[in-house]
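Going by TrEMBL, these are the annotated features:
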type	residues	note
TRANSMEM	A:7-25	transmembrane segment
TRANSMEM	A:31-51	transmembrane segment
TRANSMEM	A:63-81	transmembrane segment
TRANSMEM	A:101-120	transmembrane segment
TRANSMEM	A:127-150	transmembrane segment
TRANSMEM	A:170-191	transmembrane segment
TRANSMEM	A:224-242	transmembrane segment
TRANSMEM	A:262-286	transmembrane segment
TRANSMEM	A:298-320	transmembrane segment
């Protein structure tokens, strides 16, 4: 069976529209929450897919950006709900419950941190790059645990979901609509980026950086910018994830989460537009349905991953369309 | 006498006790093919790397069009007009032939930092890339994945990517490597015409090609240039014969 990748992509988008609508009709709000979770994880993984799939950088610390997004939301909303000022040393500001504002802060903070992490980690490659990004992830994780002002190990609870103009974000389907729309926007951006000159050069830098240098381009600069864009998108997903759970905790910075994002992409298809989306749906479905049956559902996730790595280098997208994925 | 396009001035490079480049001064004049020959381990690749920016010399300078590029990175030298081909093809194997050529065009047109319109739909890039593919005879293969090309076609694509840069000087590291007699002959004909566009510094083991093409030949032995001259001069030099050519010439 050889499926055109466009059809597969369309099926995924239509499915992600139809399932929640069905859930509304059937009055299954938990299903909507589940799909929202998948969509947000997909969004985070699309961010990672830019550097992993196109640029070939295996970041084992992308939870850093997920966590920054989460804490950006948590801290801003915490100050808004307690009517306290957020003291930033030189000046202080009020918290906010506005989602667009929170997203903006989450993305900008993630981008700034990505510049620093990128500048240091991109000097290395291969296993050293993996280890450096992991080390940054652990630094942020332990920092969050010891950050008593914002809940330390227990995290921060936000009682009411943040606001989006014109929508009732507490209604699951309306919050889902926000997340789904953002996913579609980011997928569109990913597709444009991948085909653009920048995407082509980044893809070339993954395959042979000597070639890129020889035509007069700087692979480091290309990779750094990709890393920053990637971090900002994953940061946005983190803010949404915190809003979904109305809770932020250091686990958003955990290395397990970094690993899961990589696993999602490998299951779905490295460097493929819908790879992260397919991976996230499979992941959340396994987590939910197998998780009900057994606490050891990760064993089955591992088996799925094993089969995919052994038999289909292109992930599920590759198996369905018969095209191999990017080699990282 | 016209000014050289590319020149090395007293280049030295050692790896520990091994002197890989020993006071090498060579130059490349407009319109010529200057071949570097020498036995394996003579330091040809080390020399090429120092010219192209992959290796820093211990001392000495590299001049490109009168400009000292010794401190330049590889990509800065490429932008300054150096077009290089590799002994072992450095191509994006997962990409199509056209995409590989477009990458070169992006370097030449300074268009890597564009994020919106697809690279393959930009006429400036496409025209440049397709013109280069046409010249080496790869037009019909433009949609083929590079990994599916024959060895000879990859060698052609190597040259095509260098052509997209419209360089001021070519540095070619064994472009004939692995080509059959037929392919070698065709490429020889092509390089023969190319020298009018930009001079070529040619490292090559294929002596037929070297003697057919080169205006000047330099012989490198143990990192040292032992002779420079026309094909006839090199062929009749006793020193070269002893060191390298043996009975071949």
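Glycine is treated like the rest: Cβ placed from N, Cα and C.
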* Can at least 3 Cβ pairs under 8 A be found between the transmembrane segment (A:127-150) and the transmembrane segment (A:63-81), with each pair 6 or more apart in sequence? -> yes
* Structure fact -> Sequence-distant residues near the transmembrane segment (A:170-191) by C-beta distance (under 8 Å, 6 or more away from its ends) are 13, 16-17, 20-21, 23-24, 29, 32-33, 35-36, 39-40, 42-43, 46-47, 49-50, 99, 160-161, 164, 233, 236, 240, 243-244, 273-274, 277
* To do: Residue list, the transmembrane segment (A:262-286) vs rest of chain: Cβ under 8 Å, 6 or more residues beyond ends.
  => 5, 8-9, 12, 16, 34-35, 37-39, 41-42, 44-46, 48-49, 52-54, 58, 60, 62, 183, 187, 190-191, 194, 203, 297, 300-301, 304-305, 308-309, 314-318, 325-326, 328
* Same chain, outside the transmembrane segment (A:31-51) by at least 6, Cβ under 8 Å from its Cβ: which residues? -> 16, 19-20, 22-24, 57, 59, 62, 65-66, 172-173, 175-176, 179-180, 182-183, 186-187, 190, 193, 223, 226-227, 229-238, 240-241, 244, 260-262, 264-265, 268, 270-272, 275-277, 279-281, 283-285, 288
* **Cβ contacts under 8 Å made by the transmembrane segment (A:63-81) with residues that lie 6+ beyond its boundaries** => 44, 47, 94-97, 101-102, 105-107, 109-110, 113-114, 117, 133, 136-137, 140-141, 144, 150, 155-156, 158-160, 162, 230-232, 234-243, 248, 250, 252-255, 257-258, 261
